[in-house]
Amino acid sequence: MPTRTVLVGSASGLHARPAALFVAEAAKQPVLVTIRSGDKKPVPARSMLAVLSLGAKKGTEVTLEADGDGAQAAVDTLADLLERDLDAVDA
Amino acid sequence: MRELRGIGASPGGAAGPVYRLAPPPALPPLVEAVDPGAEKATVRAAVLAVAADLTRRADTALDVTAAEVLRAQVMMAQDETLIDAADIAIDGGADAPHAITDVLAGHRAAFEAAGGYLAERVSDLDDLRDRLVAACLGLPMPGVPDPGHPYLLIARDLAPADTAGLEPGLVLGLITAEGGPTSHTAILARTLGIPAVVRCPGILDVTDGALASLDGTSGVVVAGVSAETVTTVNADRLAEIERRARSRGPGRTADGHPIALLANIGSARDLTGEVEGVGLFRTELLYLDRSDPPSHEEQVTAYRDVFAALPGSKIVVRTLDAGADKPLPFLRLADEPNPALGIRGLRVARQTPSVLTTQLAAIAAAAAATDADVWVMAPMVATAAEAAAFTESCREHGLPTAGVMIEVPAAALCASQVLCHADFLSVGTNDLSQYTFAADRMCGDLADLLDPWQPALIALLASCAAAGVEAGKPVGVCGESAADPDFALVLAGLGITSLSMAPRSIPAVRESLAAHTLDECRRIAEAVLAAPSPEAARAAAAGASPQLRSGVGVPVR
């Protein structure tokens, strides 16, 4: 199963605008991608509530995972997004 | 027609149908033996309705930050896991409102545990829960109503969160049952230029849609007025606004004695129209909602934005005014039993001097890059020694004009000694009232003690003004009282040299000063100083000035 572990790159953490951009991108993927931080339970990446509840800050290690057709591409897209500083992206 | 009485909090007249700020819904007792299918359908309908309402609000919000918060709430409402988890709770025997409350309580706990930014967003989750529960129960959406036409907003009291999206074009006036003249509602109303009456308990008995009128100067509210009255009151208000919009120029009395009319602002955004300068630039905005202090560069940029907007003008910057009542995470201030009496304002520098020195360096750098006349002042100074230390620090940073705020009675009583060190004083009458009368600014039940016409407050203002005259140094006022066109005459008569207020309040004060000579102001001040009560002080002012419009017959309660 395709898996990627990355560090959150956004200055404010996976909150506010970075979380909104991430969740919106996850919802566009053809497969269900999960995200987990540390030994906590994986949660759906397209869930705003669950993603916020991770409480991931800048530099927090998170793991993405997906299964099925297009899983690798979906995981890569979202992992690349997480590594960027989304606070610096223009609205 | 029924006449109700409150306290005038923001001058002007307004009339129209009243609509109330709906309170958050109370969670009813759990319904026994629910039909799971029906409850699940209720949850789905509630999500659709709330998401649609929040989306519409986000699309029409004027404030970018408010719009972002609303869009984030839409994403939370539309979260599939919310519906999935609610379905599971319903299968376990819950009805729709309890299912939603339980599911969001789990996320609420996670937000709180994460701390920092997320913990501050708990109120967004609570608001979402209240909206979803209200939708499930068929109750009106909590928060500011949106009848689709101009109206008078009525409420028990207004919190900052309630008023984020308040539109002056739609909200003609505000009437609250609680609050006081220095409460959030009053300050917000003055800032937005919306007439307001606070502390008017009778207003809660008036039904939504009924026509009412309010006078934000006298505090009189009339319920059950005719449609003709509504038209007349609003036409008068419009004519007044247009007349004032044409008034220009620096503040001066009828005989040409200058009283600078300055603006209270929080950022460059608050600068509307022409102003002589800024008498209170609150710098807290830069520090809010963040876990680290703003960097030197970030501060320089924010200050420069304001300084560059007013080339050649005087701008008084107040250094960070934080404390346990306005907590900032990076200061790591301990919880205090009496935050208003604890480590706040300049006192923060006792523990964390770097916050102040970084700020002074940034202000100096921004001042050097523009040609504004930058003055700096510290909040919450109590002694001449504190004033000496602050002014010395300012001079070390190359800031030539350093003063202090007078909010603590101790500093007001020693104004002459404070002025041995400080270049100027700025009296913050809101806090000076709170500390002189030992009455919390937010405590509506003590609103009568916080009346600026109280003799003890006026006596302290008089001693500060006299100390300034003696030292030949400026003494300004930057509390809410400076925005009262009648009280401004008293202040001018006492020897106060500048008045700082919400920019929208300036035209009315300019008009009032222009209608009186300095001698008339002095006679008004003398008469007021001899009065034993706020009521007597108002009457004395009216007696000393025949043209004083609103002083007559305006009891505070």
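Using N, Cα and C of the backbone, Cβ positions are placed for all residues, glycine too.
The annotation in TrEMBL ties B:ARG318, B:ASN430, B:ASP431, B:ARG441 to phosphoenolpyruvate, and of the candidates under consideration, B:ARG282, B:ARG350, B:ARG395, the one tied to the same site is B:ARG282. The phosphoenolpyruvate-binding residues named in the record, B:ARG282, B:ARG318, B:ASN430, B:ASP431, B:ARG441, extend over a maximum Cα to Cα distance of 20 Å. In the three-state DSSP classification, B:ARG441 (phosphoenolpyruvate binding site) falls within coil. The subset of binding-site residues (B:ARG282, B:ARG318, B:ARG441) lying with their Cα within 10 Å of the Cα of B:CYS478 (active site, proton donor) is empty, i.e. none.
Within the same chain, residues at least 6 positions away in sequence whose Cβ sits under 8 Å from that of B:ARG318 (phosphoenolpyruvate binding site) are B:LEU280, B:PHE281, B:ARG282, B:THR283, B:VAL376, B:MET377, B:ALA378, B:PRO379, B:MET405. Geometry remark: B:ARG441 (phosphoenolpyruvate binding site) versus B:GLU407 (Mg(2+) binding site), CA distance 13 Å. For B:ASP431 (phosphoenolpyruvate binding site), other Cβ atoms within 10 Å of its Cβ number 22.
In this structure the C-alpha atoms belonging to B:ASP431 (phosphoenolpyruvate binding site) and B:GLU407 (Mg(2+) binding site) are separated by 5 Å.
DSSP assigns B:ARG318 (phosphoenolpyruvate binding site) to a strand in the three-state reduction.
For the domain 'PEP-utilising enzyme C-terminal' (B:250-515), the model's average pLDDT works out to 92.
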